[in-house]
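What follows is a set of notes on a single structure, which appears directly below.
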């Protein structure tokens with residue numbers, strides 16, 4: 001008994017080894033910057049590779065710490081049980097936490113460089129911190145692609161596990177102590193499969209209408225689908241496997257954004273180009289909105305959508321995203337046109353083709369994501385009136401309403417745990 005307790009304690013302390021690696025790598029990176037005598041000095045190629053290596057160590061070890069803390073420590077286990085979180089929920093939350101931390105670093109670097117260089121010259125000033133974090137930060141975007149893929153595959157594994165467990169006729173869902181259904185994968189699956197009395201709901205074909213029947217019935221196509229990283233439903237393959245390259249192909253917007261920012265956005269514009277760091281500092285400050293986007297996703301997973309914190313965070317997220325990611329680029333181009341003494345349109349037309357292409361790759365996804373955010377906010381603050389009935393599921397009132405959407409030439413219906421339409425979860 002004592003040996004088992006000691007083993008559990010040692011297992012719970014493994015996360016702190018990862019934390020030490022994370023702190024050590026970021027400390028070495030900071031020390032590397034302090035060795036540069038002048039802020040205008042260039043970062044050597046060898047130092048850049050060293051910073052990129054430290055970046056990979058930092059983000060990977062930070063992710064490992066968060067995962068092990070939530071999965072192995074006593075506090076993490078209590079937290080998981082309280083909110084009934086599955087492995088995919090933990091991986092998703094960790095991904096959002098690391099994303100928020102990287103975004104905070106990026107914004108801080110952009111702010112420091114902006115204050116240091118923009119007062120001197122808007123176009124030609126340079127700062128070693130911009131180049132250094134360009135090398136360090138590019139590791140994050142490469143790491144994050146793999147991290148999102150891990151979340152994706154774990155969601156498939158957890159969904160298949162739930163389908164296998166709940167398919168048994170003897171399975172009965174445990175009652176919820178506080179009567180509050182959360183937003184994790186387990187609660188979503190149970191709410192679509194069982195009623196408030198614990199009886200299994202009848203699966204309907206997609207074309208079948210419930211006609212307002214109080215016995216809430218779930219649509220059959222939800223049995224083998226998951227909500228992916230960007231909030232869209234994804235069909236689970238028959239063999240339960242989803243290859244890495246297939247994941248890249250089926251998520252083009254996110255992949256183009258990450259690969260472009262991680263290569264061109266961070267390395268080319270800082271190391272190869274050199275100078276112009278005042279302009280690039282605004283690109284770094286675009287990340288100011290990311291922590292609020294991440295917090296929104298975490299609160300949703302914890303089932304806190306009805307709280308004041310979720311609503312306030314959503315408003316701040318929407319405003320900061322609009323200012324930092326939608327308005328920022330036109331403002332920078334206006335500043336640039338003033339600096340070179342031409343009109344706004346002439347400044348844009350006079351840019352090199354590669355520069356215009358880069359701006360479009362960075363700017364257009366922001367418009368798309370802001371549109372999705374605004375659409376979700378409108379549904380929250382201006383919900384459509386529905387004549388559908390409300391049915392309690394797991395102690396929470398659920399609307400037996402539905403929304404049809406044309407998908408691949410057929411009509412599909414989407415539900416969420418609390419009966420509202422599923423909103424897209426946006427990240428950068």
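Positions of Cβ are set from backbone N, Cα and C atoms, glycine also.
Caution: TrEMBL annotation is automatic and unverified by curators.
Feature annotation (TrEMBL): of 344-371, 372-399, 400-427, the stretch labelled transmembrane segment is 344-371. Your range for transmembrane segment, going by TrEMBL and the list 236-254, 255-273, is 255-273.
With Cβ pairs under 8 Å as the measure, the transmembrane segment (48-70) is packed most heavily against 16-36, out of 16-36, 311-332, 344-371.
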